[in-house]
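Trainee: Checked TrEMBL, it gives:
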{"type": "BINDING", "residues": "Gly50, Glu51, Ser52, Arg111, Ile140, Arg141", "note": "L-glutamine binding site"}
{"type": "ACT_SITE", "residues": "Cys82", "note": "active site, nucleophile"}
{"type": "ACT_SITE", "residues": "His181", "note": "active site, charge relay system"}
{"type": "ACT_SITE", "residues": "Glu183", "note": "active site, charge relay system"}
Amino acid sequence: MTNQPTIGVLALQGDVREHLAALESSGARAIGVRRLSELESVDGLVIPGGESTTMSRLLSVFELLEPLRARLKDGMPAYGSCAGMILLASEILDTRPDAQHLDGLDITVRRNAFGRQVDSFEADLDFTGIDGDPVRAVFIRAPWVERVGPGVDVLARVPEGPAADHIVAVRQGPVLATSFHPEVTGDGRVHQLFVDMVRGN
Ligand SMILES: NC(=O)CC[C@H](N)C(=O)O
């Protein structure tokens, strides 16, 4: 890897373009990943928001599920946003029985967790590892994290309101996940954090 890492965005479904742009702004070379050769060529991978059960089905259809599990097991850096967080988890609550997951993070997530109170909302988060202003977080039918394993750092929680204290950002070694969508706010700091993680890997 040169100082400009190549970072893929899983491009089967979801808001791929926004992530590609945010990664490029953070100094990475960004490519969409739809096939095995593309997956093999990247130094790290973003799994975008979208719909986790659909994406899990498409991962099987495109024959990327096992290769992606293998790369994660091998230590490839990854960042999952919303549906991407769900896919990276080791356990998913409130999903379909046939939904697959990638086992890249030792966490239990609850899918559509905020939906019982409100589908979508925004909040300002204190985010460990990101200095300065709070991170404006946009949640869209988002999951939250109900359990973290021993090697997992909690980076952010909902600050107030009915869902206060629920975990919405975590990191385990080279794998980062957020319940929310930093690619839609124009604040590049979460992508910058991930690009720096890939550089440091
Ligand atoms: N914005 C999102 O990625 C929503 C995630 C979606 N609710 C799911 O279950 O996959």
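Keep in mind that glycine also has a Cβ here, set from the backbone N, Cα and C atoms.
Thinking about packing and proximity, how do these listed features fit into the structure?
Mentor: Classification of Arg111 (L-glutamine binding site) by DSSP places it in coil, neither helical nor stranded.
The secondary structure of Cys82 (active site, nucleophile), as reduced to three states from DSSP, is coil rather than helix or strand.
DSSP gives His181 (active site, charge relay system) a coil state; it is part of no helix or strand.
Annotation for Glu183 (active site, charge relay system): same-chain Cβ neighbours under 8 Å, separated by at least 6 residues, are Asp15, Glu18, His19, Ala21, Ala22, Pro48, Ser81, His191.
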Trainee: State which of the following recorded positions has the fewest other Cβ atoms within 10 Å around its Cβ: Arg141, His181.
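Mentor: Minimum Cβ neighbour count within 10 Å, taken over the recorded positions Arg141, His181, occurs at Arg141.
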